[in-house]
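As recorded in TrEMBL:
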- 576-621: coiled coil (COILED)
- 43-53: compositional bias 'Gly residues' (COMPBIAS)
- 54-65: compositional bias 'Pro residues' (COMPBIAS)
- 629-639: compositional bias 'Basic and acidic residues' (COMPBIAS)
- 640-657: compositional bias 'Low complexity' (COMPBIAS)
- 703-712: compositional bias 'Gly residues' (COMPBIAS)
- 434-540: domain 'Cyclic nucleotide-binding' (DOMAIN)
- 1-111: region 'Disordered' (REGION)
- 629-844: region 'Disordered' (REGION)
- 263-281: transmembrane segment (TRANSMEM)
- 301-318: transmembrane segment (TRANSMEM)
- 330-351: transmembrane segment (TRANSMEM)
Amino acid sequence: QKPGRPRAPGSPVAGPLHAAGPGRLPGSRSRRSRPVSAAPAEGTGGVGRGAGTPGPPGPPGPPRDGAPRHWALRPAQTRPRRGPSPSTPPGPGRSLRPRAAKGGRTATPQNWTLDPAGDWHYRWISLMVLPILYNWVVLILRCCFPEVQEAHAGLWQALDGLSDVLYLLDIAVHLHTGFLEDGILVRDARRTRWRYLGSWSFPWDVVAVLPTELLCLLPGVPRVPGVPAARANRCLRVPRLFEAFDRCETRTGWPNAFRMAKLMLYLLLGIHWHACLYFALSARLGLGADPWVCPSSPRLLRRYLHSFYISTLVLAMVGDTPPAQREEELLFLTAGFLLAVLGFATITGSISTVIVNLSSAGSALYPAAGPVRRYLRARGAGGRLAARVARWHQHLRAQRKPPAEWRVLRHLPRGLRAEVAASVHLAALRRVGLFRGWERGVLRQLVLRLRPQVFGPGEFVCRRGDVGREMYFIREGRLAVLAADGVTQLAVLGAGLYFGEISLINIKGNMAGNRRTANILSIGYSDLFCLGKEDLAEVLAEFPSARAAMEAKGRELLLRMGQLDTGAEAAALAAEAEAERRLRGLEAALEGLQTRAARLLAQLEASALRLALRVRRLEGRLQLRDGAVRDRAGRDGAARADGAAGTAPPQQPAGPQGPTGGQGPTRAQGSTEARDVLRAHRPPTAPGPSEVQGAPRAQEPGSAGGQGGTGMQGPSKAQGPHRAQGPSDVPGAPKAHGSPTVQGPLRARGRIGARGPRGMYGPGGAQAPLRAQGTPMAQAPLRAQGLPRARRQIGTRGPGAMYGPGRAQALRRARGPSGAQRSTGAQDVPGAQGGPRGAGVPRD
Ligand SMILES: Nc1ncnc2c1ncn2[C@@H]1O[C@@H]2COP(=O)(O)O[C@H]2[C@H]1O
């Protein structure tokens, strides 16, 4: 079918083509152009021509040219891209800030969605602290001190307006603040908007900015004294204040100081509110009317400060307030004290937490000197040793060398911990000669295995003869290498060097084995990195060059110290070379074996595939043949029925090819089935050539092998008609049916038809018809050829072998009884009584 030509219904290519495209072959011109026209063209998502053409974003509609929908619905290509994917986590190099559009064709659309953990968002909520605090401080002041409101009405109006603008802007910012979904920042503007609009904070924020003061201007509404009271809803914005404080607390470098400042702010705010309310009550009761109320003073500040002082006495539970006399005063004072209990307890608790935090932060970094001192005292080991311990602790704190930093970092995830440790120690590690040139990533892995240790002056880091368990890299300080006498100084090691490796790496000929070869004494304070034996082995396994460098240096030192047994070293080297050689030989042998095994496996697979294909082909042929046989049998049966009824004279078969001539599906089929039919029809005195030649031809291995299934079926088919007419049938048949001409072949065909090519392959199926024929001899070969065994034969001996024995057996057995059967079977045929018996003889 040519491209573009309409397909005929039911065309074999219709399926694949339909799946691939709208009735066009892949690669045709219209196929390439169609998706572009059908799918909306986009900036980056298109394919083929016009992929880069900007087009209107939107859902892909039905294609204009009537192409099937699946052309247009290709989500990966047709989805409009608006900047970065909303669910794509920002890469390491991508900023979370709103990005300015860049010029040029590759400009990305601006995305003003804020990262809630980002800097811009933090700055914004920090700014929002101002209007919220303004409303919390000033509104109550203006309500309770009317002079304040009246004196600066214009200023308050301006500030109120500014605060409202900021509140509204904050709603806008909220609408454009991303959120995390499955740990990934969602920056899609639509989704962030809907998320905020659907949350409880949206109505809350709206209520907090409603212009409630305008209600006071409505006629009939009683004027709220001092309009500020009508703005009380502005205080509802306090959750944003808490959010800002929380964020600041996690970001600041002085969280404890911040916590203290926050507490003080809450305290002052509480006192401020109490003072305002106290003044309002005093003004209502009459300023200076009794000792409890605020005295009347011409100065506003004086009155406020007096109120603030009284409130501090109440809320700080200091007491010593003027005695309350009126009920209102008593109630107010009692409420104040109750609040004070609550507030004071909270504040005291918070302050103590801050103090504990402060001290625990120090103790987490530095080991506490107290317990060691007490331990030494308890054990009676004070004196100079205790002084040294104290000096060591002092050195750590003074020099800010926390040895227990790993304890602090242990809560971090491994990757982050490696980053932190690398940022702190990488510079020091790079100074170590061994690590020079190592990649940063490797050093980052190494730094997690290193443990910082600080040794004081006069301390031995290791002693000669000790078993080596770790090696050291010198970060800071000087250390002396002392000989066996503990006095002779062999060398002085400084920052960037390492020691303690000889006893860890197995240097050939090292007479010390895994024991230290020298004493190492810290001259002053030494800041070292310690690396354990296992960790070192892992590192060296990855870096053979580092191992070689270490071994070379260790060998040189051992030689200098006279601790290298060169004879043993040579022997070890020779043994190693020999082992290496043998290993290589084994490896080569193994490789050869593997290659052979792979080749054999490939051969096995190929032959299995071949055989499977052949079996399938044979099955197909058998099915075809069986169908043809059934057709022919039906036709012949009808013809014979006609003959028996006397409506038509007996017909001579069509030549030596049998009734079907050369049109049968297979030659064997023609020879076996046609032969049977011929035999049934042929007068007994005129045996046709096919009677004599047909059967042997069907039994010839060549003819059977050439036609696949015939070989399999040949014997049983050869037996089929004969055994059907076999000894047991012979006497019964004519008696039962009165018309033996019809009866014999018909019965035979019925059996053949019942057997079927599939039944042939199944063990039961193969045996059933034959068993029904009462020929145990015939069952044996077929049973032997049941599918599983037949398959096994295919696998092991090949198709020839499969057909060989089974077929030979079957034929052999078939020949034995079938001769007799044929002769007896011929008795079924009316014309065959007498002379025709000989027709079967030559075949045997
Ligand atoms: N002469 C030397 N000069 C420098 N370092 C040495 C010398 N002798 C021994 N060392 C180091 O001192 C370490 C003592 O422990 P090790 O034997 O494990 O490894 C030793 C070497 O790293």
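Glycine too: its Cβ is placed from the backbone N, Cα and C atoms.
Bear in mind that TrEMBL entries carry predicted annotations, made automatically and left uncurated.
A Cβ distance under 8 Å defines the sequence-distant neighbours of the transmembrane segment (330-351), meaning residues of its chain 6+ beyond its ends; these are 259-260, 263, 266-267, 270, 274, 277-278, 281, 292, 311, 314-317, 321, 324. The DSSP breakdown of the compositional bias 'Basic and acidic residues' (629-639), given as helix, strand and coil counts, is 11 helix, 0 strand, 0 coil.
If you average pLDDT over the coiled coil (576-621) in this model, you get 94. Residues 145, 267, 270-272, 274-276, 278-279, 282, 287, 294-295, 333, 336-337, 339-341, 343-344 of the same chain lie 6+ residues outside the transmembrane segment (301-318) yet bring a C-beta within less than 8 angstroms of a C-beta in it. Across the domain 'Cyclic nucleotide-binding' (434-540), DSSP assigns 18 helix, 40 strand, 49 coil.
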